[in-house]
Structure formats: structure tokens, C-alpha cells
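So the structure is just underneath, and the comments pick up after that.
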Amino acid sequence: MSTNPKPQRKTKRNTNRRPQDVKFPGGGQIVGGVYLLTRRGPRLGVRATRKTSERSQPRGRRQPIPKARRPEGRAWAQPGYPWPLYGNEGLGWAGWLLSPRGSRPSWGPTDPRRRSRNLGKVIDTLTCGFADLMGYIPLVGAPLGGASRALAHGVRVLEDGVNYATGNLPGCSFSIFLSALMSCLTAPASAYEVRNVSGIYHVTNDCSNSSIAYEAAGMIMHTPGCVPCVREDNSSRCWVALTPTLAARNASVPTTTIRRHVDLLVGAATLCSAMYVGDLCGSVFLVSQLITFSPRRYETVQDCNCSLYPGHVSGHRMAWDMMMNWSPTAALVVSQLLRIPQAVVDIVAGAHWGVLAGLAYYPMVGNWAKVLIVMLLFAGVDGANTHTVGGTEGFTTQRFTSLFTLGPSQKIQLINTNGSWHINRTALNCNDSFKTGFLAALFYVHKFNASGCPEHMASCRPIDKFDQGWGPVTYAEPSISEQRPYCWHYAPRPCGTIPASEVCGPVYCFTPSPVVVGTTDRF
């Protein structure tokens, strides 16, 4: 039995339909579905095909193939022949220089405008149009046009990189509108503020006029790392720093007004993103920033020498002050992150519907980076209950860690000179010998340096030596001889206000242990 398949009968369905050759009376014909014209006589280098009627006759002498006739006379300046002394190359370069590229712009498939979208269309139209315009210039149009085209392609490469970074990374789909908000509400961190006094520049913490971003009723928004010094009624005073970028006349000024601004802006950004016109809104917002004029409400000067935080300059306050000077950006980010929990409560309690809409919409579309930006924006102006940024957290940590403080590691010795006790002629602060934590003193008593303690306590006055009186409570004015911090009745002298013009150098000295010299609080 054969295994070959059974032959099928050819029908109209299984028959391969091949085009038939058709000849036309005019001489043309269709061969294999292609229309061919009749050849009119032999060409140079090609032998003529014999006619059908001539095939039965004997072939005559083969005709030679005609060749092109060599021209007579000069050989240069002819098609295919060079000019003498490299004239052909020179004239070619001359023609390339004299013919502007703009008369025949052809970007081809690599045209940057083919891959543009949103704001990129505007940028690529400007760069490519500039390249075409440069090509119209005679003599230098060709090289300038080529360089401009290369520049346009380079800009397009940068745009592709930005589009990839902001569109393909999870949760990092930024819009121009939020970038515009960041440029308005959080000014870039500056390095140091300086003031010019008779041609001499001094480093100061007072904000310059260029550091002021926005002024409202009783509040000033500024760059981080400085504090506004406002002149009112012929006197200059430092304003209270509510946040690293927001200062108020006093700590009781509510920040509701500036927070409503943020609420409105975030709500507008959310609406633009939901309507897929975020880039258009951002472009309009950025352009409006260039033409918006905000009148000055206050006169900011630089003769206060403000501290970055008001009040007594403690060690932790001093450390935060130095951090603000060293890295204003890091201090700004840390302070805003620490305020996010309180900002969440204020958003809900204050009914900030624009911020709530943004926090509800952006997680649904997976833009978690925008959620963080909105929280940082609101935390940057959430200073209603904030008096010192980072100072509260630092003071709380200091109170807890002070229980375990072992005191100074240096073995000190107290010396009694004319009734006053001093520390062995070192630069250590006298109070450091008594800064041993309570728990550390209980469990590490053998390591606690208690030299001179009995003598110290013996010089303290008993309670019956104090004055008895009645009436309102007032501040005592102890004499210099009564300044004994080791006694239980020690009362420090009240802090006074020192004008900045009378302070030469820093307000505190850095010895082996920081010693606070004074502060220039001017309220």
C-alpha cells in the first residue's frame, strides 16, 4: 500500500493562479505581472536581439559594439574629469559654503520635532528653527547650520533623558506644574548671607533683600539659612523663625493665610493633572512668575546679627545653628520631614480641601513622589505651633540622655583662691563638673569626679539666712559674689539685651567645652 498522498483534482480553488503574459499591439507587453516597454534600437554596449523572422537565416558578420567617441580638445572642466590643481575640490567646497542649507532643510527621520511632546514641542521648534535660520546665512551658513543642528539633537537627547527619568521610574512622574510650585514656595538654599559695610563684607544671619521670596501680613517667606531683620519705627528687630523658610513678627501670628495659598495652589495642580493639562498650567505659572510684581511690605536690613533661633543659645541650639550654616538644604529637609506628622493632623483638622484632593488623587495614579512633595510644601508653611525647628526635638533628646551623662572625662582639681573655687587653670566651663547625670551618678559613683564637693557645699548659705518678705514676686539681683551654681539656692542673673553694634565676634566661644558668652535677642 502506497503512503503517497492521493492526488487531488485540480479545481479553481487549488490551482495556482499565475498571471498570463499579454502583448499589446503598440509593442508593450506584460511579463510576470510587470509592464515592459519595447526597446527602441540597440544601446551602447548591448547587442541587438535577432527578430523571429531572421532566426532561420544564416547569421552574418557580427557587428562590433560601438564605443563612446573620445572627445577632442581639453579634458578638464568636463563631466567626470577633475579641474587642474585640485580645482574640482575647491569649487565643491566653495559651492557648499555659498549655498545656504536653509534653502533645502531636510532633517529626515531623525527630526527632533518628531519625538516632541508637551513642552518639548516648544523647545524643539525653537532649536530646529534656529538651526534652519543659521543655515540661511551666506558663506558661514553651512558650518553654522550644521553646528546648530547638532545642538538641536543634543537638546533632544537631554529631553529624552528627562522624559525617561520622570515618566518611566515608578512613582516619579513629575509635572511642570509641581515644579513651578516648588520654585515658588521653596527657594533654593543659599550658602552665607553677607552685608557690605564701607566696602568690607561681613558674614551675618540677617536675610538680604534678594533672599526674601514673599511677604504677607506679619510673615515673610525667605531662603533657608537666614532670619529677617525688619526695621520698624527707627529700630531693627529680628523676627521669629517659625520654619527654616518662614518668619513672623512674633510667635503668636497664625499661618492660616499662607497655608490657604498652598491649599489653593495644590488644588489647582491636582485639577490640571486630572485634566491632563499639567504641563500647560505649569508653563503659564512659570511665565506668570516672570511678570508678577509683589510690593514690599517691610524694610529688611542687616544690622541685627540675628540668631537663627530666638531665645537663649544652648548647646543643642548652637549645634542646629551650625547645621543651618553648613548645610541649609539638609536642615530644611530634615525639619520638614520632622513636621510631617503634625502637618497631617493640621490638614485634616483645618479642612484644607485642595491638599486633601492632591493626597487622594496622586496615590490613585501611582505618583507617590508628588504625595511627598505636597506634604513637604504644606509642612514648610505649617508653623502655627512651631517655635524652634529641631530645637524642641533636640531639647527632648538632651533631657533623656542627660540622665546617663558621665560628666567630663578630664580629671579636674578645684582650687580655692580668695574664697572662690576655680578649675585647675583650664579652659573648661566650671559648670561642666556638675553635669553628671542622675543615673550615672548612682551606678558609676566610683568614676564620678567629686573633688572639692564638700568644700563647695560648705560655702552655701542655710535657708534661715535668706530674706523674708511678701508681695508680688520679682526678679532678684544677686551680687557677683553670690554666683554659686553648685548651691541649691543659686539663681542666675536675668539675661539682658545686647545691641549687635556692641558685639564683636561670635556670641559664644568654642573652648574644650562650649561657653555661652551672651545672646543678641532683640524682641
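Glycine residues also receive a Cβ, built from the backbone N, Cα and C atoms like all the rest.
Annotation comment: Swiss-Prot describes 2-75 as region 'Disordered'.
Feature annotation from Swiss-Prot assigns region 'Interaction with EIF2AK2/PKR' to 2-58; the stated evidence is similarity to another entry.
Residues or ranges marked as region 'Interaction with DDX3X' in Swiss-Prot: 2-59.
Positions annotated as region 'Interaction with STAT1' by Swiss-Prot: 2-23.
Feature annotation from Swiss-Prot assigns N-acetylserine to SER2; the stated evidence is similarity to another entry.
What Swiss-Prot lists as phosphoserine is SER53 (among others).
If you look up Swiss-Prot, you'll see SER99 (among others) marked as phosphoserine.
Taken from Swiss-Prot, the feature region 'Important for endoplasmic reticulum and mitochondrial localization' applies to 112-152, supported by similarity to another entry.
Marked as phosphoserine by Swiss-Prot on the basis of similarity to another entry: SER116 (among others). Taking the Cβ of SER116 (phosphoserine) as reference, residues of its chain lying under 8 Å away and at least six apart in sequence are, in sequence order, ILE123, ASP124, THR125, ARG156, GLU159.
Look at Swiss-Prot and you will find 122-173 tagged as region 'Interaction with APOA2', backed by similarity to another entry.
Per-residue pLDDT, averaged along the region 'Important for lipid droplets localization' (164-167), amounts to 64 for this model. Annotation source Swiss-Prot lists region 'Important for lipid droplets localization' at 164-167.
For 169-189 (among others), the entry in Swiss-Prot reads transmembrane segment.
Residues or ranges marked as topological domain 'Lumenal' by Swiss-Prot on the basis of similarity to another entry: 190-358 (among others).
The region 'Important for fusion' (265-296): residue composition by secondary structure is 24 helix, 0 strand, 8 coil, according to DSSP. Summarising the annotation, Swiss-Prot assigns region 'Important for fusion' to 265-296 and lists similarity to another entry as the type of evidence.
For 359-379 (among others), the entry in Swiss-Prot reads transmembrane segment, with the evidence type similarity to another entry.
Positions annotated as topological domain 'Lumenal' by Swiss-Prot, on the basis of similarity to another entry: 380-523 (among others).
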